[in-house]
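Report on the following structure.
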Amino acid sequence: MTMGVGKAMLADPEQTVLLPGSLALPPLGENADAPPPRVTIVLPCYNEEAHVKLEVARICDAMDASGYSYEVLAVDDASTDSTLDVLREAEAAYPNVKVVPFLRNGGAGTVRRIGSQAARGDIVVWTDADMTYPNERIPELVRLLDENPAIDQVVGARTTEEGTYKLLRVPAKWFIRKVAEWLIDQRIPDLNSGLRAFRREVAQPYLRLLPTGFSCVTTITLAFLSNQHDIQYLPIEYARRSGRSKFRFVADGYRYILQVLRMVMYFNPIKALMPLALWLLAIGVVKAVVDVAVHPVRLATNTVLIFLTGLIIGSLALLADLIVRSRPD
């Protein structure tokens with residue numbers, strides 16, 4: 001299904017409000033026809049009025065000092081405070097900043113998807129506007145991509161956890177990461193870091209897979225690893241966020257787990273389904289032998305159900321794998 005571009009005009013005819021679900025950004029600012037920058041930084045902003053201008057300044061100062069040409073797409077995700085007004089002030093102060101307001105709240109994943117699809121830079125950077133990530137180190141991530149053509153993504157791997165629900169998040173994230181590592185057969189130092197840089201051309205086929213919420217970062221990690229794209233991890237510090245966290249432990253944790261399983265089913269369903277199918281088939285065979293030994297002319301109903309369940313799951317695994325292998329890139 002094709003999604004259309006949704007726009008609503010403001011009082012200023014040169015400004016445009018995007019609806020979540022738009023596939024491309026309109027030309028913004030006076031330099032829309034200028035040569036494309038090397039780097040596009042996508043910055044989701046939702047109710048960050050107290051510190052977003054400081055975050056934009058930190059990003060722009062670091063990029064100005066780096067020598068890289070860049071643009072910052074600061075997307076206001078229908079904030080209910082004065083975030084948009086503060087972003088307009090930052091846009092006036094920093095010529096490389098382009099403010100894009102959403103008419104409706106679309107979520108961090110929607111912002112990152114639309115921003116990445118609209119990016120003009122060869123390298124796209126994702127980060128947050130809540131002062132948690134060391135955004136002054138963005139040039140380091142970009143430089144690692146520039147100096148290593150074999151690497152397609154650089155992820156800022158957090159060495160500390162300062163988020164909300166720390167006692168619950170740390171073991172939960174460890175478990176989800178271990179499940180992902182088992183499914184992918186690779187070590188993943190940080191599965192859902194919000195600070196990363198990647199090659200736009202490599203990421204384009206996977207942007208349509210991004211969910212609307214925080215699990216978009218998990219998705220882009222698994223999409224790259226499942227398709228043999230190299231990822232390098234750069235250790236970073238992670239600070240306590242400014243303002244109120246938008247993370248919901250139960251809802252977002254559930255989405256993380258669901259997204260890990262969904263991505264593996266999309267790229268490697270055999271890995272997810274076949275072990276369960278083989279275990280059920282093996283249990284069914286062993287139980288059938290026991291049943292025949294006890295009652296030579298009868299198999300228990302649960303024996304038949306276990307065996308048939310394994311057979312059905314195995315068939316689904318093979319069918320899903322066939323679909324994956326026959327799917328065009």
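Glycine is treated like the rest: Cβ placed from N, Cα and C.
From a predicted model like this one, the values you see are computed outputs, not experimental measurements.
Feature annotation from TrEMBL assigns domain 'Glycosyltransferase 2-like' to 40-204. Among the features that TrEMBL reports, transmembrane segment is placed at 272-290, 302-324.
With a cut-off of 8 Å between Cβ atoms, the residues of this chain six or more beyond the transmembrane segment (302-324) that come close are 265-270, 272-274, 276-285, 287-288, 291. Residues 183, 261, 264-265, 299-300, 302-304, 306-311, 313-314, 316-317, 320 of the same chain lie 6 or more positions beyond the ends of the transmembrane segment (272-290) yet place their CB under 8 Å from a CB of it.
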